[in-house]
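K.L.:
So that we are looking at the same thing, I have put the structure below in structure tokens.
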């Protein structure tokens, strides 16, 4: 489709859902009111019907809408312009009589058992034939729900036969349905479909945008969302600037005395560790991104690789901004190495560290979609990496078990510390201490003896390792997403298995809704 055709399709969908007056209004969220709950529901429906899918599932599309809005929304969805050649399946609670009249087929479920499945217009006759007619001037859907709802123990009248318990009423209806012609027709069609080959029964032909186009669109959308969300980067930028001023004033004009050796090391450690540590503040926004991705991914709008690429590219400008502005404040107030090339390396290491922390938090967000638990886990991981980085305890003094092998070698803080130390101390000369040693100490000697830096390779190798770790963490994030997509349904299925002592468990648990409406409307389904 051309860009103009896409825009026309979007405008038409917006008007069909009655959202033309809110077309330039932000959805809203944290700190921004935005549109109402009912309008958000309609926007969600717009997103689903935008591509005109052949098969559309809608889970309670009228929740949060008044009766008039519910009718207009459903009438647009099942209208002839949209329904042509499409099957629409929707679950709905307590529809109005006008909405109920829109559907072709009806499926009534009670505790997972099919009570009725057939033409919606024949449901009232089915209930009447089995002794449970709908009272005059009452909404048929209300009568159906009242009859099959097991959450409340209330007897139901069966014509002249007196009242019967709910469980017995439901059993009567289920038995009547299984002996009806509708049930036999459904079973025959299921058997016929099962005999067909998979490619004939289910055709998955669907055109998608190219991978490059997906990445561009997701990058642009994520960039816009980040610019509008104050908590994503702007608030962090303000905090970074304040902390950088504090750091710069504490270590103001370090000079080149012997005591400045320790001060420079401490200042660079703080920049590489605690200044980047605050990146975990963006975790709530990461979780929201994962929720949107999960919904859109399951709908098949784009792939996981495009999401990871788009999320990575969209964050680069903001992290560069944070690296340059707060980084320059702390760097020049402290009076570190003169020269543009030294500051560029310093800013690149700071940028790489923040990218790594965000990568770690994205991995945590994909595994722990909970704000509080995710921040706690992310902070714990960061604390372990900082402790094993080689500052609080020099590398040769770290215990071999766990702290040196493997944490010291997998901690990105190690390579950040050593790269920044090489960048800062190489080429400088400091006066010796007062204990009768040499009059001056070279920066290279300080690196080897004071900080125990590995001098077998240059500082650019440390930066290259940091960049490689960014790619590795993002790849790990991609693998976890793909794995979670396949494993989580199996885990949920295992966890939802009924316990052996069902009655005992049910008596001690909170009851869940045991009834549900499912409407099917399609000209392609003959039932």
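Cβ atoms here come from the backbone N, Cα and C positions, even for glycine.
Feature annotation from TrEMBL assigns domain 'ABC transporter' to 5-63. Annotation comment: TrEMBL describes 93-189 as domain 'ABC transporter family G'. TrEMBL lists 214-425 with the feature domain 'ABC-2 type transporter transmembrane'. Feature annotation from TrEMBL assigns transmembrane segment to 233-255, 267-287, 316-336, 343-365, 371-394, 460-481.
How buried are these features, and what lies next to them?
P.N.:
Remark: secondary structure over the domain 'ABC transporter family G' (93-189) totals 45 helix, 17 strand, 35 coil, with classes taken from DSSP.
Sequence-remote contacts of a segment are chain residues at least 6 beyond its ends whose Cβ falls under 8 Å from one of its Cβ atoms, and for the transmembrane segment (267-287) they are 30, 226, 229, 231-233, 235-236, 239-240, 243-244, 247, 251, 254, 326-327, 330, 334, 336, 346, 349-350, 353-354, 356-358, 361-362, 364-365, 369-371, 374-375, 378-379, 382, 386, 389, 391, 413, 416-417, 420-421, 424.
Long-range neighbours of the transmembrane segment (316-336) within the same chain, counting only residues 6 or more positions beyond its ends whose Cβ lies under 8 Å from a Cβ of the stretch, are 223, 226, 232-233, 236-237, 240-241, 243-245, 247-249, 251-255, 264, 267, 271, 275, 342-343, 346-348, 350-351, 354-355, 358, 424.
With a threshold of 8 Å between CB atoms, the same-chain residues lying at least 6 positions outside the transmembrane segment (343-365) that come near it are 271-272, 275-277, 279-280, 282-283, 286-287, 289-290, 311, 315, 319-320, 322-324, 327-328, 331-332, 336-337, 374, 377-378, 381-382, 412-413, 416, 419-420, 423-424, 459, 462-463, 466-467, 469-470, 473-474, 476-477, 480.
If you look at the transmembrane segment (371-394), the same-chain residues 6 or more away from its ends with a CB under 8 A from one of its CBs are 265, 269, 273-274, 277, 280, 283-284, 286-287, 357, 360-361, 364-365, 403-404, 407-408, 411-414, 416-418, 451-452.
Tertiary proximity for the transmembrane segment (460-481) is limited to same-chain residues at least six positions away from its ends with a CB under 8 Å from its CB atoms, namely 304-305, 307-308, 312, 345, 348-349, 352-353, 355-356, 359-360, 362-363, 366-367, 412, 415-416, 418-419, 422.
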K.L.:
Using Cβ atoms and a strict cutoff of less than 8 Å, what residues sit near the transmembrane segment (233-255) while being 6 or more residues removed from its termini?
P.N.:
226, 263-264, 266-267, 270-271, 275, 278-279, 281-282, 318-319, 321-322, 325-327, 329-330, 332-336
